[in-house]
């Protein structure tokens, strides 16, 4: 039976690839169904012989307990946005300062969810959400139900690839029709529907909703020397790659493509929100490098946002964790980009003055970055009142005098004991990108603060289960889960804590770079600002901000209290080893290694202080080669770069 099951699995997987990836089926639907039913019958009779890559895994129901956290071996960066031709020109000018004659590749920006797929020996072992770029959620079982994701590859490869999982418009319409018939609320748009589907704990629901993917990058060190060749390689491996793309030599060609896509956008079978422009040559990408947040070799052009008219009803003023007071407009409800919008940001007091926004004005509302509702401008022809908006002079939270500094656009409360600032700081500390304390959201934080159970972040770690039971609506099971989540967060790597402290200008990426270098928050506390400023991709602004924060007596007390409660202050990721054998060297891995997995070789190189990259350039110091090294070895020899083999790496 095992032989027949092997034959059926191989046949059905091949037919599925022909249907979903190549759009060129070689058998009829009825023949596929007949073979599929035969396989199901055999697997039911011999469950111990079910193969890991059986297509029945895609439809079988399984109720999951939850989603485990998963550390990305290769971090996922955000892209810099561009909203105009002028911003694209500026991007091109920056690139040409480093790369004489760049060729660009333009790809559609799919409005879906970023995913990372890891294969070991050609078998799918992990499917993970983007998360914060460093840590995502393991949704492997759900992604196995996405029919165009290969469960196995035609080669026994160790490879990690990235892409977007989305819901086609036709599937979206079908899903909402079913929800309407069942009396359930409809999804606002395909992206929300895809996100909700991938968060399902019942995998059978995922299988029914017909999600799809486009893959766009080999995340593990690339085996090809350009983005275009990389995409073709992904197609060879059986992944679905979006065919709508071009190579361009200048911004004129890019702009023409953007205009063409904009005209076709509404007729596509899936949602897009822009065009991604990348330098095609991977060696040139390597030369350009990264900022703290984004690659310097790519930009995401975003299409102009949909705009609607709404009437301004009133303005709320709220205080953030840094003391900035932000105005939010209450509006007559309007439908915007698939959702109902009744509130929109007015940004700051200077923006209100610049746009001359007045009481009862009719305003144009849009979604900034297709996400945040914002007021764009006033429709002056529909103005009904000359009365200006009331600008507060006192903090809406603590009643302290508000200040409007000369070099700032916003009003600011500088009271360090302002309740709103403290509470927002606590919410930030517990958030996903910071300490990621599951369940400790704004509602619970507000109740804890109101009950005087927490006054600063150290108090969170003094809470006991019984404290949560004092809060309205919290039962024993929830209290136990909250307590467990707080205790678990003590073990986080220290960059999560550093970001959670909410130090001005110190974001999540900067926190990671700082801890990679200094290894612990205590070492960072002792460091001088010159050393901080010298770290690549950081600089003087972050150094000064850290110096100011650590100079306060309160910061020293807080760190001591956090340590006393058992919170980890050490970095648990791959550190930068200053005196290691390969410290500061840029190394490329290429070819097929005989004894080490590529991931093992990469980890060893990094543990020795090397920066491992995917392409050979003039910035490369060393190339480690295996069998069939190909063009990268040839380029290294042409550039006179030192070449070593696997045995040399093992000897270190």
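Just so you know, the numbers here start at 1 and follow the chain as drawn.
Using N, Cα and C of the backbone, Cβ positions are placed for all residues, glycine too.
Residues within less than 8 Å, Cβ to Cβ, of residue 109 (active site, N6-AMP-lysine intermediate) and separated from it by at least 6 positions along the same chain comprise 272, 273, 274, 275, 276, 300, 301, 302. Residues or ranges marked as active site, N6-AMP-lysine intermediate by Swiss-Prot on the basis of sequence analysis: 109.
Annotated NAD(+) binding site per Swiss-Prot: 29, 30, 31, 32, 33, 78, 79, 107, 130, 164, 278, 302, in sequence order. Around the Cβ of residue 130 (NAD(+) binding site), a 10 Å sphere holds 19 further Cβ atoms from the protein chains shown.
The DSSP secondary structure for residue 398 (Zn(2+) binding site) is coil. A 10 Å cutoff on Cβ-Cβ distances gives residue 398 (Zn(2+) binding site) a total of 15 other Cβ atoms nearby, all chains included. Residues annotated as Zn(2+) binding site in Swiss-Prot: 395, 398, 413, 418.
The feature domain 'BRCT' is assigned by Swiss-Prot to 577-652, with sequence analysis given as support. Across the domain 'BRCT' (577-652), DSSP assigns 25 helix, 18 strand, 33 coil.
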*Can you tell which of the binding-site residues (395, 413, 418) has the fewest other C-beta atoms within 10 angstroms of its C-beta?*
418
*asked:* Please report the distance from the Cα of residue 418 (Zn(2+) binding site) to the Cα of residue 79 (NAD(+) binding site), rounded to the nearest angstrom.
replied: 35
*Alpha-carbon spacing, residue 398 (Zn(2+) binding site) to residue 278 (NAD(+) binding site), which is rounded to whole Å*: 48
*What same-chain residues, at least 6 away in sequence, bring their CB to under 8 Å of the CB of residue 278 (NAD(+) binding site)?*
104, 105, 107, 227, 285, 297, 298
*Where residue 31 (NAD(+) binding site) falls in three-state DSSP terms*: helix
*asked:* Using only C-alpha positions, which one of 31, 79, 130 is spatially nearest residue 413 (Zn(2+) binding site)? These are the binding-site residues in the record.
replied: 79
*Does anything in the same chain, at least 6 positions from residue 79 (NAD(+) binding site), have a Cβ under 8 Å from its Cβ, and if so what?*
276, 294, 295, 298, 299, 300
*Taking the Cβ of residue 31 (NAD(+) binding site) as the centre, count every other Cβ atom within 10 Å, in any protein chain shown.*
13
